[in-house]
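A.B. asks: My questions will all concern the structure given below.
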């Protein structure tokens, strides 16, 4: 109570649990990773650093520590991991580097992807500034979640609030870092849930919310009954979602205005994007995996491919290309699974075979589906990640084997909403109906009609292309149990997730690799301020400039390597040494600027006061009556007759003006002075009593001030 000491992560009273950065594990194995996760989970340390390829690994404790690192005395990389810190890192990288950022959130159903996304958007809303218009955008960002969850989330056997669609938020920022627009895209809404659900599962939340939240008047006017009255809701005899599900709430106008995009027109935005976050329903082993789950799992394979491409494949390839000493680390590349699903030719993938069957067979039901199974066996039957069984097929996904029942595949893949029906709806006189059909139709286009599979394949590849243009960040959510209870740890389940996520290989690459890499010119641009030779710009070979800069800050040679076009820094600590030195330089320059500005303000204030004083005397200053026509004498002291004053001047120094004046001290006490002006100087002569010597007690002239006119 009343103590001024601040919390610090290294305080002795802070409990340590395992290691928060998995790179620091003494032994890298699946068992060691699982054991560390268990320790932290049991001690309520639910965040762990799984290293990916990011530029600045700024791991903080929470919102207050992310914003107050200077108060804790610890650098950001020294603090335990937290979603807020990852978000803070993305946001600041976007502002500093001017590069788009993205975070990919992955994990099993119920592992915490939706909650992680809420944390990210809440943090962004908190740290970014802005006025009334910006606040409107923030309100939409935060308030869109309950609305999307109402129409897109449902209770499943694994999760009381399972997202039955993929979400992609793109938030656009002004150059000042304020959110000024964005859009929300959704993928693969599980439409079949509307008409049928698996055992112990519910329909989408919105139906139960409508029934529970309706007023008595609404119930009577709309004929709303209890959930067990409706066939679409009573098939599983499950009506309660349990804790964590969406509750009925009043929807504000901000949530429902317009479509999925908001903010000012794009032409008026000068923006940087932070496409964040992207989360998706994960692999679910249902009693009956159908076409929708097949599409969902395909998108998950594509997202895993991004992770592999950027953290394992591309990183190792970059070391080789740049001439960095490197021993290759083996890993499973799931591109072979993606090709199995989406290949067009040689051999055709599952989706291509499915489209062919839908185009050539007009029959519905079992006949088309069995033909599909036969053609798949002929096309990809020998593929190492494919097997067939009597009613379907099995794909060896990166997360494990998943079996699919082909019944209904062809029917659900066909895009039964034909172009003429869409055109009819778009020509409606009701704007609401027009808004429900936003498709852009190409009336001149001939050939095969689009299918659901081809649409999701295009969406997935467009998404991958968008994310690949961003600086990526990752959140891997691990589900510890199926009971939805705290501190319940299922060892085999966690180990399976650790294995298929490739965390061991990822940690090995990160441990042997480099935390930071930058093109020579970008590195020089950022840290040029650290040495006089590189500031404001280095003149000469960029490689030599980087080496000069690193030598100047005394960085150990084993902490960095020079590539062909990039510099590689091994540890985050070394990077933050540079960042701290850079901050100190800017702080010093800021003080110089502040000093100059204060001086400028003081001079302006003085000039203003002088002008005000002059305006007071304007038209009031005139000669005394007895001074009219009086000649200017100059020497009013009679200096020729005053050797006691003349002694302070040089020989033959001309006197332009001399007179007695009155000086006022700080207490406004008047003191007599003699003022003497010559071409070179002016003098102020006063009088003091002699305190020592033979002339003690006598009054003598004393030179108080001599100022050269220059």
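Just so it is clear, glycine is given a Cβ too, placed from its N, Cα and C backbone atoms.
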A.B. asks: Name the residue range among 391-413, 414-436, 437-459, 460-482 that TrEMBL annotates as region 'Actin-binding'.
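C.D. replies: Matching range for region 'Actin-binding': 460-482.
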A.B. asks: Of the ranges 186-214, 215-243, 244-272, 273-301, which one does TrEMBL list as region 'Disordered'?
C.D. replies: 244-272
A.B. asks: Excluding the flanking five residues on each side, which residues at least 6 beyond the ends of the region 'Actin-binding' (460-482) place their CB within less than 8 Å of a CB in that stretch?
C.D. replies: 37, 41, 50, 52-55, 83, 86, 89-90, 93, 97, 99-113, 116, 158, 168, 187, 273, 275, 277-278, 298-299, 302-303, 305-307, 309-311, 342, 488-490, 493-494, 497-498, 501, 503
A.B. asks: Given the binding-site residues 109, 114, which one is most crowded in terms of C-beta atoms within 10 angstroms?
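C.D. replies: Its Cβ has the most other Cβ atoms within 10 Å: 114.
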A.B. asks: Which whole number is the mean pLDDT over the domain 'Myosin motor' (17-583)?
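C.D. replies: Across the domain 'Myosin motor' (17-583), the average pLDDT comes out at 81.
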A.B. asks: List the residues of the same chain that sit at least 6 positions away from residue 110 (ATP binding site) in sequence and have their Cβ under 8 Å from its Cβ, in sequence order, or write 'none'.
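C.D. replies: Expected: 156, 158, 159, 160, 162, 479, 484.
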